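One structure below.
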Amino acid sequence: MPTTERVAKVVLVDIEGTTTSISFVHDVLFPYAKNNVKKFLEESWESSSEVKQIVRELQQVPQYAEYTATLRVPPKEVDVQVITGFVRYLIDKDLKVTPLKTLQGLIWQQGYETGELMGHVFNDVPGAFEAWREAGLRIAVYSSGSVAAQKLIFKYSIVGDLLTHLSTHFDTHVGHKQESQSYANIAQSLGEDPSHILFLTDIPGEAAAARSAGLQTIILQRPGNTPLTDDQKYSNELIADFSSLHTLQLPE
């Protein structure tokens, strides 16, 4: 379906590689969390019940046993040093573990609130958000980053607060992004027919999962995104940015 004739009720956007550059996530956000996790844990270890819960959840993921097995001396107790090392281990391996995402979100929140961090969005994003809202569409976000972290990127973006444009946020609590059931869950949560949801992503596996659940999909080819194979280009609709989607309309 040509983008100029496309209709939808909800635009579901990915963040990394779609609204926001991959380099911002990998070269700014991840190192910030890695560099500040020890300080954050030291300040909140005793006082924050939320952090205590995250620490418990981190110890329950399969990778925790793998990590402790790599240590020269097995830890006698779980302390700041052990969890700091494990968090850095997960970040280095780019493992999308839910309690890690929650912890990163708390660390990033401090950075955004102090002005050390500002969320990157591509230049075409604000105009597209405005056009879709004016046309009566809802905008939702689905990212592997925690809902809290998603909101921070848009609230403290380089162009100001974009959070008011967004109606709903989904993270891995709804399911993994390359599983069809996740998108069925999202459609159910939104109360929409899957065919009325347009999902924008940079990952072919995510697009395939969404299509199998009945969603419309388009793949973004942003600067810095992983190049697509010829087969992936052939089997997906591709756009370079959001500019061709300004004419999105509600179904009649």
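A Cβ is built for glycine as well, from the same backbone N, Cα and C atoms used for every other residue.
Keep in mind the model is a prediction, meaning the values are calculated, not measured.
Around the Cβ of E16 (Mg(2+) binding site), 22 further Cβ atoms fall within 10 Å across all displayed protein chains. In the three-state DSSP assignment, the secondary structure recorded for E16 (Mg(2+) binding site) is strand. Under the heading Mg(2+) binding site, Swiss-Prot lists D14, E16, D202, citing sequence analysis as support.
The feature substrate binding site is assigned by Swiss-Prot to S143, S144, K177, with sequence analysis given as support. Counting only same-chain residues at least 6 apart in sequence, those with a Cβ under 8 Å from the Cβ of K177 (substrate binding site) are D14, Y142, S144, T201, I203, G205, E206, A209.
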The one of S143, S144 whose CB sees the fewest other CB atoms within 10 Å, among these binding-site residues: S144
Largest CA-to-CA spread of substrate binders S143, S144, K177, angstrom: 8
D202 (Mg(2+) binding site), number of other Cβ atoms within 10 Å: 20
